[in-house]
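Participant: Feature list, courtesy of TrEMBL:
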- 52-70: transmembrane segment (TRANSMEM)
- 82-102: transmembrane segment (TRANSMEM)
- 145-165: transmembrane segment (TRANSMEM)
- 186-207: transmembrane segment (TRANSMEM)
- 213-232: transmembrane segment (TRANSMEM)
- 244-260: transmembrane segment (TRANSMEM)
- 272-289: transmembrane segment (TRANSMEM)
Amino acid sequence: MACLGLYCGKTLLFKNGSTEIYGECGVCPRGQRTNAQKYCQPCTESPELYDWLYLGFMAMLPLVLHWFFIEWYSGKKSSSALFQHITALFECTVAAIITLLVSDPVGVLYIHSCRVLMLSDWYTMLYNPSPDYVTTVHCTHEAVYPLYTIVFIYYAFCLVLMMLLRPLLVKKIACGLGKSDRFKSIYAALYFFPILTVLQAVGGGLLYYAFPYIILVLSLVTLAVYMSASEIENCYDLLVRKKRLIVLFSHWLLHAYGIISISRVDKLEQDLPLLALVPTPALFYLFTAKFTEPSRILSEGANGH
């Protein structure tokens, strides 16, 4: 019988030399996806650069949110913020390493994957066929193995490590904060981890194709907001504090990450010069900030110019 459905396939049951026996058409086992002949084939390829960049983006999301809420709740005079930043980085790094080690193949820092061919690969549950329009053949499986589930595993390890390490650290060093403020960054994580999980579950495929543009847009907007809120109008204002330089270089790294993700560095000699555009937004802001200063606009309006 012909195998219907975009993601239904026949699983190999027995192989002896050139003799292969396949089962009935149905769902492929985990770690396999259908080929053009509707047979389930193991995922043995290595992820492409774009796949790694996507996983890196999903790994950065909790880290950036950790840093944001730590900075938000620590206060300007808190000496504990730096240690919490380092701890958050340690948690996410260890979680990423453990996630790679427990993924197939187990015990090594690389993974086997199936190639992403189209957006529908992320949503196989929407393509279960009904041959007689009554009975549904359920062929839902992870066609993009392991790009979908590996993110959930990573978030779970991040959450476990945070609950094991962060409360002890905050209790020891966050002496400058009130008792009600010490654990607010941890409470915030207990909110944003479920949100990130739902985001990956529902919009993982959309994020896979849109994340380079999300990185560029958000990094540009947050850099402009930060420089405006910090009243940075020239290079001297930028160099006064080390923290401002750290924020600037962090945004430049995000700019570069987004540009590399969009270009995919298919043609190295053509794509690398695009990285010269990384400082452009910050330089444009510094050169034009004096023309958009509110006090100047108000004074010129009062003078009738």
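Each position is counted from 1, following the chain as shown.
Every residue gets a Cβ built from N, Cα and C, even glycine.
Not measured: the values here are computed from a predicted model.
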Participant: What residues elsewhere in the chain lie close to the transmembrane segment (186-207), defined as a C-beta under 8 angstroms and at least 6 residues from its ends?
Facilitator: 54, 57-58, 61-62, 65-66, 69, 73, 119-123, 144, 147-148, 151-152, 155, 158-159, 162-163, 166-167, 170, 214
Participant: By Cβ distance under 8 Å, which residues at least 6 away from the ends of the transmembrane segment (244-260) in the same chain are close to it?
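Facilitator: Same-chain contacts beyond the ends: 53, 56-57, 212-213, 215-216, 218-220, 222-223, 226, 230, 232, 237-238, 271, 274-275, 277-279, 281-282.
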